[in-house]
Amino acid sequence: GDILDDYLRTDGVWILTRNKQFYKTNNERECAEKCDAERNFTCRAFLFTRKKLECLTLAENAKMTVMFTSTDAVLYEKRIYLMQCKRGIGTDYRGTEAKTQRGIPCQKWAEKIPHKPNYTPEKHPSAGLEENYCRNPDGDESGPWCYTTDPAMRFDYCAIPECEDQVTHPGEGECMECNGEDDRGEVSRTESGLECQRWDAQEPHMHGFTQKHYPEKDLKMNYCRNPDGELRPWCFTTSPNKRWEYCNIPRCFTRPPVSGLDSQCLSGKGEDYRGRIANTESGNACQHWNTQFPHKHGWIPDRYPCKGLEENYCRNPDGEKKPWCYTTNSSVRWEYCTIPSCDRTEQGIAGMNNVPVQVPLPEECYRGKGQSYRGTTSVTASGKKCQAWNSMFPHWHIKTPDRFPDADLRDNYCRNPDGDSSPWCFTTDPNTIWEYCNLKRCDDHTQE
């Protein structure tokens, strides 16, 4: 497997750490190799900066120190040091439990008081004997243990919960089709063993993924779901230090058939469009989905098997207002495509019944500060796509439709709910929280 499979990735964060080593590398995989080979300390994580191609191997992970935003950085944490449960007898347990099942604090492995240890970090360098954490260096059948700080009790076992089978082996036969958007299973732990937070709770993490906002997404109990088109099902965790994490649900071997209904023309937002138009509205040719040039992107066909990302055809994998593509023009990242509508026959019938078909006129300018702007532009001034207002990914925020009922916070359209100088939106770029939108102020002489 890929060396990065052993790590959990978090974009746009930095952590404060005392023990670190700097390396010059070309990519994240090379940085992971440096972490695996680190001999100055136990490497639990690494930071990689995209611009400088700098690699920092770290002795601490986000559970052990302070984390803060840093737009250019990517944090990779070794999964083994995030697991708070044990598999089998727990020889690979690297969690931070440091007291016995009776509640007695553990003695540090490197100390000799009150007990002189047989198992020390020097004698067993690969057994994870750090600090006073519970470990199982001798393969004891009863699981992780430690020397105690009680002079009357040399050692005792620790109460480490078993990793539920669903962490490593989900429910019998449970697998996800596509990216798990329709998964309705009952897995309720993340891939590192953390328990999921209930969707109807706002503790320890506040969020906008409620049954009210996403009635079709089956957000019940604390089951792993994929309400927002992520790579696979996930959940908020009950750990205050880890906001959310993916769940371990394998992909089914069989792919569901793609409906051919209306798929050669534009119906709704065109999410089921499977036609072969490969040019944008302005005439730019589309970039192939399986290439990263001239524009690097995350819509990789293998990761999203049901989105129809074939060749360089226009598609709508992310619920945009209509199909789009990255362009082969290096100065234009992406554009919408012009797809013929499937509604012609419906319009004909409507005309016969004398029911007017309302075609909303696009508003491409705003007046004043733009608080009355109700157009459908959803692109920022630098060309980034807007995040939906009722979504909390990639940015958590409080500008929700519930809190600003009069601001028309629909879909991911540019708006000005807070009296800023012009319409804006949160962006889908994890490194850019928000930007003003690509809109001009209306000329004062323009008629309504």
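Count begins at 1; order follows the chain as displayed.
Including glycine, each Cβ sits where the backbone N, Cα and C put it.
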Candidates Cys146, Cys235, Cys247, Cys252 - disulfide partner of Cys196 as recorded in TrEMBL: Cys235
Recorded disulfide partner - Cys252, candidates Cys175, Cys178, Cys325, Cys337, source TrEMBL: Cys175
Using Cα positions only, nearest of the disulfide-bonded residues to Cys235 (disulfide bond) (Cys265, Cys337, Cys365, Cys414): Cys414
Rounded inter-Cα distance in Å - Cys252 (disulfide bond), Cys442 (disulfide bond): 52
Closest of Cys224, Cys337, Cys425 to Cys286 (disulfide bond), Cα positions, disulfide-bonded residues only: Cys337
Integer Å distance between the CA atoms belonging to Cys224 (disulfide bond) and Cys386 (disulfide bond): 25
Among Cys224, Cys247, Cys425, which are recorded as disulfide-bonded residues, the nearest neighbour of Cys265 (disulfide bond) by Cα: Cys425
Candidate disulfide-bonded residues Cys247, Cys325, Cys365, Cys425, pick with smallest Cα gap to Cys414 (disulfide bond): Cys425
